[in-house]
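Written below as structure tokens is the structure these notes are about.
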Amino acid sequence: MRKVAIPVAILALIGLDQWVKHWVVANISLNQVIKAIPGVFSLTYLQNRGAAFSILQNQKYFFVILTVLVIGAALFYMVKNYQKSLWLVLSLILIISGGIGNFIDRVHLGYVVDMVQLDFIDFAIFNVADSYLTVGVLLLILILWKEENGSHH
């Protein structure tokens, strides 16, 4: 992946996350549920003052420091390894974008805007940045696991 594409991808993903959050705040009342695809998913505007699954509520400064450390580590790892694997770079782009997307909310609003509710399973309400983080971390785990087992494909 060309070096210029990395910051462009990160900015585009952050932009999408922030656009969705702004749309939700402007168009859905707090705690309102809108059935987008009945039985599949709804949009529900929540203000999450904790982490995933609403743990560690009202720990803003802890999350700000943790996010800066994680993003810093991911950026450092990317700079050191960006030519190693496109999949590795993609995983780090997702982690960095998701971290920054939620960081913006936490610093600017004091909470993270969540909105995606899966209706077919009992699961926490989440946002676009959370999706980036989840996919990025799972992809990174898979890559590191494959490297650990000697399979570099």
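Each residue, glycine too, has its Cβ placed from N, Cα and C.
What Swiss-Prot records for 61-81 (among others) is transmembrane segment. With a threshold of 8 Å between CB atoms, the same-chain residues lying at least 6 positions outside the transmembrane segment (61-81) that come near it are 6, 51, 88-89, 92-93, 95-96, 99-100, 102-103, 106-107.
According to Swiss-Prot, the transmembrane segment annotation covers 85-105 (among others). Within its own chain, the transmembrane segment (85-105) is flanked in space by residues 1, 6, 9-10, 13-14, 17-18, 21, 64, 67-68, 70-71, 74-75, 77-78, 111-113, 127-137, 139-140, 143, which lie at least six positions past its ends and keep a Cβ under 8 Å from the stretch.
Per Swiss-Prot, the feature active site maps to D114 (among others). DSSP assigns D114 (active site) to a strand.
Per Swiss-Prot, the feature transmembrane segment maps to 125-145 (among others).
As annotated by Swiss-Prot, active site applies to D130 (among others). Within 10 Å of the Cβ of D130 (active site) there are 21 other Cβ atoms, across all protein chains. Secondary structure at D130 (active site), taken from DSSP and collapsed to helix, strand or coil, is helix.
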